[in-house]
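Supplied in C-alpha cells, the structure appears directly below.
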Amino acid sequence: MFPLTFVNPNPRLPYPSLFIAKSSLEPASSRRSRAFSSSHSYYPWTPNLRLNGFKLKSATAPENVEGGDSKSESLVKGLKLGGMFGVWYLLNIYYNIFNKQVLRVYPYPATVTAFQLGCGTLMIAIMWLLKLHPHPKFAPSQFTAIVKLAAAHTLGNLLTNVSLGRVNVSFTHTIKAMEPFFTVLFSVLLLGEWPSLWIVCSLLPIVAGVSLASFTEASFNWIGFCSAMASNVTNQTRNVLSKKFMVGKEAMDNINLFSVITIISFILLVPAAIMMDGFKLTPSQLQIATSQGMSVKEFCIMSLLAGVCLHSYQQVSYMILEMVSPVTHSVGNCVKRVVVIASSIIFFQTPVSPLNSIGTATALAGVYLYSRARRVKVKPKPKTC
C-alpha cells in the first residue's frame, strides 16, 4: 500500500496539523496499544482515543510568540514576587507592634503564644477545608520527626515572646541576627556540612555587633537576652532538622510541613501554658490585664490581629521560599529585620545610643555578608595522581 497523507481541515483544533499513516505487518492489537500510548504521551488530558495506527506530529510554535510569552511571564512573576515581599514585611511589622502592646499589659507569654498558634491552626483548617492547598500525606514513620520539629517550633515562638515581653523589639531582633551563627553551628553538628572561609568571616561582624548592642542597650535584661538567644538555638535547630527531613521521596511540601508543625505546636503548648500561667483568659483576668489604659475590646482585637499576622507572615515566607533560592530568601530576611527594627524604634520611640546603633548596624551588615557569602561556591581541589 502507498502511504496516505491527510491535512487537518480545521487548523484551530488543538490537534496536530499533519497525520501520517504507515502500513505495517504488526498485529492489530499491538497497533492499537501503540496508538493509545502515543495519544496519551502527547495529550494526557484526552480520553481513550484509538487512532488505528496513526502517528501524531505536532506543529512547532513561532519563536516570537514564545519569546513574548516568556517576557510577560517573567514580568508578572517579578511583580508578584515584589508584592509578596512587601506583604511579608508589612505583616511582620504589624505582628511585632501588636504583640509587644499585648505583652506589655498581659505578661503571660505562654498563653499569648498558645493563642497565636491557635489562630494559625484555625487558619490552616480553613485553608484545607476550602481546598486552597492540598491536604498533607505522610507516613506514620515520619510522625516522630515531625513532632521533634514541632517541639523546636513551639520553644522558638515561646522564647521569642518571652524576650519581647522583657526588652525592646529592636533589641530582640538585634539578638536574633545571631541566627546565621547557629545555622552554621548546627549544620556542622547535625549535618556534617562545614562552612567556607567566607562564611566564617561573615560571622565575625555578627557576633561583634550583637555584643556591642547588648552592652549599650538601655532595656537590657538577662531573661530577655537569654530567651532571645535560646530562640535562635531552637529555631535554627528546627530549620536544620527540616532540611534533613525534607530530603526523601515521601517528603511533604514546605507549606504543609509548616501547617502540620503549627497544629502539633498548638496541641503541645496548650497544656504547658495552663501549667505555667494558669487559666488566664477569664473576664476578671482580662480586666486586670487591661488596667493599664487598654480596654478589653482593644486587647482582644490586638491579640487576634497578632495571631493572624504571625501565621500569615510565616505562610507568606514559605510561599516566597518556593519561588526563590534560599540565598535570596536569606537576603530578604535580612532586609526584613532592618525594616522591623527601624519601624519598632519609630513607633515605640525607643531611645537608641550611637554605640547601640553602630552595634545593630554591624550585626545586620554581617547578616547581609553571610547571605552573600553563601553564593560563593568553593571550587573542588583537583585530584592529584
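Cβ atoms are placed via backbone N, Cα and C, with glycine included.
Per TrEMBL, the feature domain 'Sugar phosphate transporter' maps to 79-371. Per TrEMBL, transmembrane segment is recorded for 81-98, 110-130, 181-206, 212-234, 255-274.
Have a look at these and tell me how they're positioned relative to everything else.
Through the fold, the transmembrane segment (110-130) approaches residues 99, 102-103, 154, 157-158, 161, 259, 262-263, 265-266, 269-270, 272-273, 276-277, 280-281, 303-304, 306-308, 310-312, 314-315 of its own chain, all at least 6 residues removed from its boundaries and within a Cβ separation under 8 Å.
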So what's the average pLDDT for the domain 'Sugar phosphate transporter' (79-371)?
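Averaging the confidence scores along the domain 'Sugar phosphate transporter' (79-371) gives 86.
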